Amino acid sequence: MARLIFLGPPGAGKGTQAQLLAGLLAIPHISTGDILRSAIAQSTPLGQKAKSYMEKGELVPDELLLDLVRDRLQQPDAQNGWILDGFPRNVSQATFLEKLLQELNQTFDYAVNLDVPDEILMGRLLGRGRHDDNEQTVRKRLEVYRNETEPVIGFYKERASLKVIDGDRSVEEVTQSLQQSVAF
Ligand code: B4P
């Protein structure tokens, strides 16, 4: 059983690695970004509220995500492990998650920071071609990451549960390193 939180800047490969590792460990990959994109595609009330924030490269307001994460972690398939990808995105979400896990009587193994230099991130995101991957939005997402998400790394460092993985390697090498360091 593994319970892992994936951190890292946009384009670090959180989604790529979380999906691969979740498949290998047969646990759910819970990506708040994927959940929001699917809500937008289906034009649900959540999607309608999230759309403009995501298009601008801003974080979606916390209140749209907290109940969603609470519900998802209580689903039967999440009782034997999970990989949380893209949540928490700020210290207030991290504090919420800490309390939620206490409530659910769950602990997590590691918060994993995938470390990749900015110039590489830019190239990856602009090469991916997703709707929110134009240059202006990507710059905004990197700025939001520095201001709001980077402090989350300190949050987990203080709790001695942070693992830093060099994400500036091939997809296979990063997966191998994750298997050795956090999922065995
Ligand atoms: P996310 O969906 O989380 O996406 P991301 O951070 O941009 O990308 P990720 O790091 O997963 O990169 P990927 O593996 O795809 O967030 C999107 C938006 O959703 C946010 O801006 C925000 O608005 C909103 N949101 C989500 N969660 C939220 C929350 N909790 N609170 C508020 N708002 C929230 O990789 C990127 C590219 O690199 C791909 O093309 C991939 O193929 C390539 N790549 C990956 N690994 C590689 C490697 N090792 N070498 C070369 N290329 C690689």
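Placement of Cβ uses the backbone N, Cα and C atoms for every residue, glycine included.
Taken from TrEMBL, the feature ATP binding site covers Gly11, Ala12, Gly13, Lys14, Gly15, Thr16, Arg128, Arg169. Taking the Cβ of Gly11 (ATP binding site) as reference, residues of its chain lying under 8 Å away and at least six apart in sequence are, in sequence order, Val116, Ile120, Leu121, Met122, Arg124, Leu125, Arg128, Val138.
Residues 14-15, 18, 68-69, 72, 85-87, 89-90, 131-132, 136-141, 144, 148 of the same chain sit 6 or more residues outside the region 'NMP' (31-60) yet have a Cβ under 8 Å from a Cβ within it. Under the heading region 'NMP', TrEMBL lists 31-60.
Note on Val60 (AMP binding site): other Cβ atoms within 10 Å of its Cβ, all shown chains, come to 19. The AMP binding site annotation in TrEMBL covers Thr32, Arg37, Glu58, Leu59, Val60, Gly86, Phe87, Pro88, Arg89, Gln93, Arg130, Arg141.
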For Arg169 (ATP binding site), nearby residues of its own chain (Cβ under 8 Å, 6 or more apart in sequence): Ser177
Residues in the region 'NMP' (31-60) grouped by DSSP into helix, strand and remaining coil: 22 helix, 1 strand, 7 coil
Site of maximum Cβ density within 10 Å, from binding-site residues Lys14, Arg89, Arg128, Arg130: Lys14
